[in-house]
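TrEMBL has this to say about the protein:
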TRANSMEM  12-31  transmembrane segment
DOMAIN    15-147  domain 'EamA'
TRANSMEM  43-64  transmembrane segment
TRANSMEM  76-100  transmembrane segment
TRANSMEM  106-123  transmembrane segment
TRANSMEM  130-147  transmembrane segment
TRANSMEM  159-180  transmembrane segment
DOMAIN    162-297  domain 'EamA'
TRANSMEM  192-211  transmembrane segment
TRANSMEM  223-244  transmembrane segment
TRANSMEM  256-275  transmembrane segment
TRANSMEM  281-298  transmembrane segment
Amino acid sequence: MNQAHQPSYPFSVPILVMLGAFLFSSKGIFVKMMYEEGLPPSAALALRMASAFPFYLLPVLLSLRTLRSIPSRDWLMMAGLAFVGYFLSSLVNFTGLQYISVGLERVILFSYPTLVLLGASIFQKRKASYRLYLAATVSWTGLYLVIQEEMVLSQKLDAVLLGSGLILLSAMIYAGYILLAKPVIERIGVRSYTSISMSFSCLFVLLNHSLNSPVVLHEVMTPKLIGLGLTIGILGTVFPTYLLSYGLSKISSSSYAVISSVGPVATIALSLLMLGQTPGAWQLAGIGMSVCGSLMAARSKA
């Protein structure tokens, strides 16, 4: 009886998803540091993708002979997913981060697991298991405990509302991406899909920046910005995209959404520590609940 509830993938898969989610979520901290250096959102996003682009393009160039067998329909699908899932979602997210804290951004982005569960139920006609919903509840309750101190009245309420709305829109876009990307990843393969789609995404970002931004990157570069750009490009983009694509190819989109929820919570804790603050007892309890919820989802069937 218990075997029916055991997933068909090794336990290392959810661990890799959690690690990828943590690295991907940490980008908000470095984006805030870029803003402090005077870099606007489009320039910060362009610096991130310029740092990451060579690591995606090289595997594509080395595998061109093999990649020619991919149908044109799938190439168009990957370009579309790259535009929506990484370019558009990231641009909206980076813009929203101008107005709210990293902690508040993380809590709003936590709505995307709910959106994925809802989308999978409605559009894919897949009912999530009771255990998965329970795991989601534990994770999201933990999230509430972690960010409760972020939920305070602000003197700039309009800015907070605008930023929150943009981050919520980013979460909705990313949830749609998760649902649409899984079958394409399974057809194309993790490495090929990630390299191609992220190369498209880098091109979209850099083209948008060159056409619409008055900031010329090489004219405003400082050693600190170069270091931040390399950090967010490699640790906050390249590593997590390969890890998360691999995880999404192995587990259901619903399980993926809940398991990856541990990443943003860990990022909130990291942002508190980097700001010289110590998480309180309730925040530590919330982090623990989020980890437990993610582990429950890891051992649950979608």
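Cβ atoms are placed via backbone N, Cα and C, with glycine included.
Contact between the transmembrane segment (43-64) and the transmembrane segment (192-211) is present: at least three CB pairs lie under 8 Å, with pairs separated by 6 or more positions in sequence. For the transmembrane segment (192-211), the partner stretch with the highest count of Cβ pairs under 8 angstroms, out of 12-31, 76-100, 159-180, 223-244, is 76-100. Note on the transmembrane segment (76-100): residues 28, 31-32, 35, 41-42, 44-45, 108-109, 156, 159-160, 162-167, 169-170, 173-174, 176-178, 180-181, 184, 188, 193, 196-201, 204-205, 208 of its chain, located 6 or more positions outside it, place their CB under 8 angstroms from a CB of the stretch.
For the domain 'EamA' (15-147), residue counts in helix, strand and coil come to 111 helix, 0 strand, 22 coil, using DSSP.
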